[in-house]
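Novice: Pasting a structure below so you can have a look.
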Amino acid sequence: MADSSCSLPPLYENISYKSYILRAVDLTILGLLFSLLLHRILYMSQNGIIWLVAFLCESCFSFVWLLSTCTKWSPAETKPYPDRLDERVYDLPSVDMFVPTADPVREPPIMVVNTVLSLLAVNYPANKLACYVSDDGCSPLTYFSLKEASKFAKIWVPFCKKYNLKVRAPFRYFLNPFAATEGSEFSRDWEMTKREYEKLCRKVEDATGDSHLLGTDNELEAFSNTKPNDHSTIIKVVWENKGGVGDEKEVPHIVYISREKRPNYLHHYKAGAMNFLARVSGLMTNAPYMLNVDCDMYANEADVVRQAMCIFLQKSQNQNHCAFVQFPQEFYDSNTIKLTVIKSYMGRGIAGIQGPINVGSGCFHSRRVMYGLSPDELEDNGSLSSVATRELLAEDSLSSGFGNSKEMVTSVVEALQRKPNPQNILTNSIEAAQEVGHCDYESQTSWGKTIGWLYDSMSEDMNTSIGIHSRGWTSSYIAPDPPAFLGSMPPGGLEAMIQQRRWATGSIEVLFNKQSPLLGLFCRKLRFRQRVAYLCVSICVRSIPELIYCLLPAYCLLHNSALFPKGLCLGITMLLAGMHCLYTLWEFMCLGHSIQSWYVSQSFWRIVATSSWLFSIFDIILKLLGLSKNVFLVSKKTMPVETMSGSGIGPSQREDDGPNSGKTEFDGSLYFLPGTFIVLVNLAALVGVFVGLQRSSYSHGGGGSGLGEACACILVVMLFFPFLKGLFAKGKYGIPLSTLSKAGFLAVSFVVFSVGN
C-alpha cells in the first residue's frame, strides 16, 4: 500500500525530448520525397512505364517516412526513482512472473533456467514474487532442469543479494573474469557458487543427451506417453516459499505448468499459453501485477520490478490509467544493433503519444486491465465504479467471460476489487488449476477476445496492445541504463529470416483483424497518432516496392532508359540520398555505434525486406484466401558458452567468437533466393554496360541510362554484400548450388526481358 502524502517527491517523472533540428531534417527529407514525386508526375508521359513503377515505389517510401516522422515527433520516456519506494510504500504488491517456452531443442533448458534464476534473484521481497514457467513442449527435460535449478537457486539468490551483484543470470555473470582477493569470503563464495553452477550445467547437458538420467521420480510419470501436441494438463509446484517474510535467503515460488493439448483443438500458440499462465497464477497467487519475459531474455537490472512498481504505485490520475509498463527489448549480441537502434528511437517516439507498444517480453501488466477492465469503469481512487460493480461482478457476466470454474471466478472478483491475496498453500490450488487448463475451457468465453492476451494474430503482443489502448488506457516506457532485460537473437542466416518472417506476418495480420488500427478510426479512445504508430510498425507490406526498387536500376541499365531525373533535378535525388544516409548514420553514432554497424544495419533491413517480409505477404494472402493457416515458427535460441577449467576460474569462450563471427550461413531454403537473384541481376547489369549488352536505342524522351543508374546498381550490390560473399565462399557460408541455379535462371530471364523488351 502506498502513502498518499503529497509532500513526498514523486516515484517517477515523465521526460519529454524535443529537437527542432531533427524535426526540421525529418520534414526536409519528406519535402524532398514529395518534390521527387511531383517531378515524376510532371514528366511521366516522357518516360513511360518505368517512371510510373518508380513513382509507385517512391510513394510507398514517402508514406512510410511520413508515418515514421509522425511517430517520432514527440519522443518521451519515464524515469523511475526506485530508491524512493521504501519511504512511500510500506507494503509492496505481489508480482507474478511468466516465462513461456515451447521447444526444448530450439530453446535450450539451460537458457530457460538462467532466465528463471535471474528473475528469482531480483531486488524484491521473495514472498511477493512467484515464477511460473509455461512449457508448451511438455518436456520432462524442461521440468527436470527447472527442478535442479530450484536447488541451485537456494545458493544463487542469497549470493546475489549478499554481494549486490549487478548481473544476476549465472551464465552471463560467470563469463566475466574473476576479480577478488584470494582467500577472501567473496572469493570462497564465488568459487563454491561457480562449482555448483557447473554441476547444474553438466546435469542438464547429460540429461539432454540421455533421458535415463532424468531419474525415475514419480513426478515424471505425468510425462509418460505424452507428445508436444497431445497431452493432459501438467502442473508441478517445483518450489514453494513457505517463509513468508521476504528475507534475502528466501527463494520465490517456482511453478511448472504445461496446458492440455489435443490435435483437434486450437491452442493459439503463445497467446494461449499466456492466458493459461494468467488463469493458473490467478488461482494460486493472484498477484495484482504480472511480468512476462521470453525464455531467452534474462533480467539484467536487479531493481527492474521496483522500477515498474514506481509507475503503478504513484498516486495520481495518470497512474490509474497506466495499463502496462514496457521495457525495451535489448540484446547482448553484437549482430542485433540494427534492432536496438530502431527500437530506441521508435520506442521513445511512441511513448510520447499514448504509450509504448507491448513487444511481448519485458512487460509488466496490471491484472485488472488484462481481465478486460476499462478506465471509464474506475473511480478517481482506482476502485470500481458502482455501475462497473453491478455489470462486471454479475454472476452471469463472470461465468460467460471467464469460464465455469468457481475458483477462477472468485479469484477474478478479488483481482477486480483489489482485495489483498492471502498466502495460500499452492498445492491446494492444483486441481482447480488443472481444470482451467483443459482444451475446451475457453470455449464460449471471452478469453482471447476481450480478456487476456488476444488471439487472431501471431503477434499476440501487438494485438493485445491495440486492444488495451483502444479502451482508453495508456502505457509507460522505461529505458534504464543498464538495460532491464537482455536476450539473444539468432546469429544470422535462416533462423534470423524465420524470426523476421514470423514478426512480419503477425504485424500484417493485425491490419486485417478486429483490432486493426485502421478500424481504430472509429474509436476515439485510440488517439490518431497512436494509430499512425501502429501502422508504422505494421508496414512490412513495403517489401514488394523494396524488391522492385532493387531491380529497377539494373533494368534501366540493360534497357538503356533513365530511372533518375537529369540535369539540375538530379540534385533532388542526390540530396535526398545524402541526407537520408547522414541522418541514419547520426542516429547510430549518437547511441555509440560505429559506421560499420550502421552499414550492417542498412544491409540487414534491405535483405529482410526482400525475403522474410516478402514471404510474410504470401502467408497473409494464402490465409485470407483460406488456402493455408499460419504456423507459429519458433526460432532457434543460442547463448554464450563457457570454457570449463579445472579450477572453475578461467577465461570464457563465446560460441560466436572466431574468424567466422558475423558471417551469414546459407542453405537451400527459399529465403535466400530473392537476395541471390538481386545480386546476380545487378552484377549482370554492371557487366552488361562494359560488354555492350545494353539496348542500342530507347523509345522515350527521357534519355538513356547513365552514371546514376550504374551507381545505384553498385549500391544495391553493396547492400546485399553477404550474398556477394556467399557466391565465392564454400561450405555453410557459401550459397548452395540449388539456390544459385534457381537464381541464375531467374536472372537470365530478367536480363533477356530487359534487353529485348
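Quick reminder: no glycine exception, Cβ is built from N, Cα and C everywhere.
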Novice: For the annotation transmembrane segment in Swiss-Prot, which listed range does it cover: 105-125, 126-146, 735-755?
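Specialist: It is 735-755 that Swiss-Prot describes as transmembrane segment.
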Novice: Take the transmembrane segment (24-44) and find every residue of the same chain, 6 or more past its ends, with a Cβ under 8 Å from one of its Cβ atoms.
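Specialist: Same-chain contacts beyond the ends: 51-52, 54-55, 58-59, 61-62, 65-66, 68-69, 72-73, 565, 569, 572-573, 575-576, 579-580, 583, 702.
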Novice: Should the transmembrane segment (607-627) and the transmembrane segment (735-755) be scored as in contact, given a threshold of at least 3 Cβ pairs under 8 Å and pairs 6 or more apart?
Specialist: no
Novice: Mind checking which residues reach the transmembrane segment (568-588)? Cβ under 8 Å, same chain, six or more beyond either end.
Specialist: 25, 28-29, 32-33, 35-36, 39, 337, 341, 345, 594-595, 597-598, 601-602, 708
Novice: Give residue numbers and ranges for long-range contacts of the transmembrane segment (735-755): same chain, 6 or more residues beyond its ends, CB-CB under 8 A.
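Specialist: Distant contacts of the transmembrane segment (735-755): 551, 554-555, 558-559, 666-669, 672-673, 676-677, 680-681, 684-685, 688, 693-695, 723, 726-727, 729.
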Novice: Rounded to an integer, what is the Cα-Cα distance in Å between D461 (active site) and D136 (active site)?
Specialist: 18
Novice: Just jot down the residues in the same chain as D136 (active site), at least 6 apart in sequence, with C-beta under 8 A of its C-beta; none if empty.
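Specialist: The answer is P100, T101, A102, D103, P228, S258, R259, K261, H267, Y269, K270, A273.
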Novice: With every protein chain in view, how many other Cβ atoms are within 10 Å of the Cβ of D461 (active site)?
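Specialist: Looking across every protein chain shown, the total is 25.
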